[in-house]
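**Student:** Encoded as structure tokens, here's the structure I'll be asking about.
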Amino acid sequence: MAMIDEPLYPIAILIDELKNEDIQLRLNSIRRLSTIARALGEERTRKELIPFLSENNDDDDEVLLAMAEELGVFIPYVGGVDYAHVLLPPLETLCTVEETCVRDKAVESLCRIGAQMKESDLVDWFIPLVKRLAAGEWFTARVSSCGLFHIAYPSAPEILKTELRSVYSQLCQDDMPMVRRSAASNLGKFAATVEPTHLKTDIMSIFEDLTQDDQDSVRLLAVEGCAALGKLLEPQDCVAHILPVIVNFSQDKSWRVRYMVANQLYELCEAVGPEPTRADLVPAYVRLLRDNEAEVRIAAAGKVTKFCRILNPQLAIQHILPCVKELSSDSSQHVRSALASVIMGMAPVLGKDATIEQLLPIFLSLLKDEFPDVRLNIISKLDQVNQVIGIDLLSQSLLPAIVELAEDRHWRVRLAIIEYIPLLASQLGVGFFDDKLGALCMQWLEDKVYSIRDAAANNLKRLAEEFGPEWAMQHIVPQVLDMINNPHYLYRMTILHAISLLAPVMGAEITCSKLLPVVVNASKDRVPNIKFNVAKVLQSLIPIVDQSMVEQTIRPCLVELSEDPDVDVRFFASQALQ
């Protein structure tokens, strides 16, 4: 609470800065409104500061945005909830400015304040504010008002409730598309506060108007409303009112609306229940999967697995699988990529036989896709298929694809595959790994690209953690240590890096007997870069090995390096000695 002891002098400066020409000073001052308010005390804040802010409609959006944000948490500074209504006028002004993000923040702050106000104050102050904004002659006020109804409605008396519903219905028929858009996107929130009897009459008629709007930007927001309203209505009403709308929307002339349906379809299915889903929504979904716009197909493909989970396997195989086959050879790589990221999840849904007969060929065609993203999306989700069809089948079909990716000419593809190797190793087990993937992991240590060599060293560490030190001692350590004699110094450096990563996993004994001698040996290298990396590695080994080893082997080696002719080697060696 040191703020209160601050003399009033800086406060005077802060208040002056609110009027300053320089925007940065005004911004700083606005951000410290709470300090000003604490110094002025609750009464003066109410009587002087808030009116001043109401008149001070600054022309700079950044200042207004900061002000809208600050006022949302201002209730404690004006004397608590009893006086919360004092904060409404400046925010009301901010709800009418041109800049969208200022209005959105003002609406958010008003909702936050309204949620804390007493019921009587809401009726006296908040509801009139909503009505004033909704009747504003400038469209910005009307846009803002739509976001406040769900706060105002619950505490309104019956007469006012009827009025608020009719005002909202007028907003949904406003001349300005922006206002109708705002009404459409807030309909779900408002509907959640309306009583069930009025929900079926008033709200559904509002909703039907919006779904037939001539602007696609309004219709696509009404799609979101479908899911929200579907959760509020009884299942039979849902089938009667919401289902036909969704089916129409899935054939809408605007691709944006169809895209929204494809995105929301799963939520809509949950709302309408399994029976209608089968009868009406499967054909709608199939249409979206075959849409002529790639964006719509991408959104629909991404939901394939979720959708299949609602259906029984029979229906999925009959209706959805043929579409999936088509999509796996779609002309757009993004569609194939979206499909690849979810198709693995279909295996548990369809069961073993269908997966082997129908899905495996699709996986394989995607694994051979010319675009690396598609192939990687398949590999990253292999565990889901492994559980269903077992490792043998998977490994026969999978390995060629992995090897191909591992040797891809684009280094980013090689990098992504390395990152999946530990995951593959844990899914496919030690035996499979040793036979097939072990050699690959070593070959990456000698890649031409540094990022690959670096990732390969990290990969070895993660494998050692996965399969344990004994396995690493047999399969990783000997091969790594052989490479320290590579004629090129950059590869020798990679091996030093790998040793420093493996040491903590392998433990003190193996580090002392196998790894340390190799590092000490490398300190005699003719390349200074190797020598100062030796100093760094030795520094990282000190905490791992026991003290006697440090004194006998590590310290003498570092002392020798600290007298090296090269300045960098001396620097790192002396740093390690400390």
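Glycine too: its Cβ is placed from the backbone N, Cα and C atoms.
For 10-48, 164-202, 203-241, 242-280, 281-319, 320-358, 359-397, 398-436, 437-475, 476-514, 515-553, 554-578, the entry in TrEMBL reads repeat 'HEAT'.
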**Student:** Under DSSP, the repeat 'HEAT' (281-319) has how many residues in helix, strand and coil?
**Tutor:** 31 helix, 0 strand, 8 coil
**Student:** Below 8 angstroms Cβ to Cβ, which residues of this chain, lying six or more residues outside the repeat 'HEAT' (437-475), approach it?
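**Tutor:** The answer is 402-403, 406, 411, 414-415, 418-419, 421-422, 424-426, 430, 483, 486, 490-491, 494-495, 497-498, 501-502, 505-507, 510, 514.
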**Student:** When DSSP states are grouped into helix, strand and coil, how many residues of the repeat 'HEAT' (164-202) land in each?
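**Tutor:** Output for the repeat 'HEAT' (164-202) reads 32 helix, 0 strand, 7 coil.
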